[in-house]
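Student: Have a look at the structure that comes next, please.
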Amino acid sequence: MLRRMASMIVSFCVSLFYNTIIAWVLWYFFHSFQDPLPWSQCPLNENSTGYNEECEKSTPVNYFWYRNTLNITPDIETSGSLQWWLVVCLATAWSVVYICFIRGIDSMGKKQLRTGRSNCRNILTLTNVFEIPDKDITLENYDEWITKLNSTYPDAIASLRECELQTFLDQTASGTGLAFIAFTEAVIEMPGSQVWSILFFVMLFTLGLSSMFGNMEGVITPLKDLNVVPKWIPQEVTSGILCLVSFLVALIFTQGSGNYWVEVFNGYVGSVPLLIIAFFEIIAVSYIYGIRNFSDDLDYMNGSRPNIFWKACWLVISPVMLLTVFVAYVILQAQKHPTYPTWNPEYELFPQTESKPYPDWVFAIIILLCVIPLLPIPVVALYHLMCRLSRRRSNQSYPNAYSNDGFQIETQNTSTQSA
């Protein structure tokens with residue numbers, strides 16, 4: 001029971017931020033029908049005299065992600081307001097999850113993104129500063145243009161910062177935003193980019209729904225098994241209430257600082273708690289319930305008992321590996337205060353992300369996110385221990401006042417005299 005309750009809390013927390021990612025996918029999917037794609041070029045500034053300065057310093061792809069989509073704040077302490085377009089996409093995502101979940105749709109899939117290594121400069125800056133037509137400067141003739149411009153405008157060329165593409169991607173396209181930056185940067189170079197963009201985000205949407213069904217099932221099933229939800233309540237009502245509550249809680253991710261909170265949940269909710277839950281589960285099965293009883297159960301269900309390899313894994317190898325990973329993680333985390341990347345146009349090395357330490361109150365929330373899913377383990381264990389002790393006390397036989405030797409002798413004498 002303790003594992004189901006702990007895993008239920010983890011599944012609920014994961015579903016909160018995971019469906020926010022699906023909302024981002026919907027936002028990009030809706031914009032994929034535009035020609036040209038909105039992340040393929042920088043918008044004009046307020047005076048319509050040139051391109052937006054923030055976009056010029058970075059790239060159109062980064063600008064569309066951080067400014068048009070997230071409208072991100074400089075740090076996690078600056079919350080910002082709710083972004084109405086993200087609220088609408090989030091409501092749509094939860095509505096689709098609810099409809100599909102009660103219909104019982106199931107799909108599975110995997111995705112993988114790879115990045116390459118290459119030297120790069122801000123070609124967009126060159127085209128804007130020197131009024132060079134778009135597409136005239138490419139990676140193939142880049143060196144020729146640099147040599148030509150350096151002979152005429154040496155100061156302007158010297159002000160350009162060199163960058164490593166892999167470093168650039170690590171700093172600006174890390175975490176949950178990787179798919180929204182790395183792929184969108186590549187798709188604008190493809191012929192028929194709108195079609196490829198639509199197909200890509202449809203794929204992400206369907207894969208996200210598949211994972212969301214598992215998360216929702218991981219919440220609703222324990223609620224029913226533990227009789228938290230009365231059986232007379234239809235599953236449609238239970239699922240609807242759960243989706244509504246999740247949507248309201250997930251509104252925190254639609255703020256200007258929402259992406260930072262997504263990274264907090266993504267980094268701490270589904271990692272340490274699941275590791276500790278798995279450790280206590282295998283200890284409970286192997287040593288408390290007993291490996292012999294567990295083998296008997298498998299023999300009853302499958303008709304064969306596990307061999308020595310599986311017993312060694314359950315008794316020694318798996319617990320030691322889980323404990324080793326946990327101890328190593330704690331040691332590494334204790335060596336430095338947790339940090340997070342921020343998108344700050346005022347940063348001197350912009351468009352590189354600025355690394356900032358988490359404030360103490362955010363660090364406290366991180367600890368709570370790691371501890372709260374684990375609370376059912378000691379609470380339920382203590383509850384069962386108290387129930388067992390209470391049951392033992394109730395089963396104890398109290399001494400009978402008439403069950404003593406004197407009474408037996410007196411009874412025998414009385415019976416003899418009567419005879």
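Note that Cβ sites are derived from N, Cα and C of the backbone, with glycine treated the same way.
Feature annotation from TrEMBL assigns Na(+) binding site to Leu207, Ser211. TrEMBL lists 7-30, 84-105, 168-188, 194-216, 237-256, 268-291, 312-332, 361-385 with the feature transmembrane segment.
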Student: What is the total of other Cβ atoms whose distance to the Cβ of Leu207 (Na(+) binding site) is within 10 Å?
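Tutor: Taking all protein chains shown, Leu207 (Na(+) binding site) has 17 Cβ neighbours within 10 Å.
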Student: Are the transmembrane segment (84-105) and the transmembrane segment (312-332) close enough to be called in contact, which here means at least 3 C-beta pairs under 8 A that are separated by 6 or more residues?
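Tutor: In this chain the transmembrane segment (84-105) does not contact the transmembrane segment (312-332) - fewer than 3 Cβ pairs sit under 8 Å.
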Student: With a Cβ cut-off under 8 Å, give me the same-chain residues at least six positions beyond the ends of the transmembrane segment (237-256) that come close to it.
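Tutor: Counting only partners 6 or more residues beyond its ends, the transmembrane segment (237-256) has Cβ contacts under 8 Å with 12, 15-17, 19-20, 23, 70-73, 78-83, 86-87, 90-91, 94-95, 97-98, 101-102, 216, 219-220, 223-224, 229, 262.
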Student: Around Ser211 (Na(+) binding site), how many other C-beta atoms are within 10 angstroms of its C-beta?
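Tutor: Other Cβ atoms within 10 Å of Ser211 (Na(+) binding site): 18.
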Student: For the transmembrane segment (268-291), which recorded stretch in the set 7-30, 194-216, 312-332 gives the largest number of Cβ pairs separated by under 8 Å?
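Tutor: When the Cβ pairs under 8 Å are tallied, 312-332 comes out ahead.
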Student: Sequence-remote contacts (6 or more beyond its ends) of the transmembrane segment (312-332), Cβ cut-off under 8 Å?
Tutor: 272, 275-276, 278-279, 282-283, 285-287, 291, 294
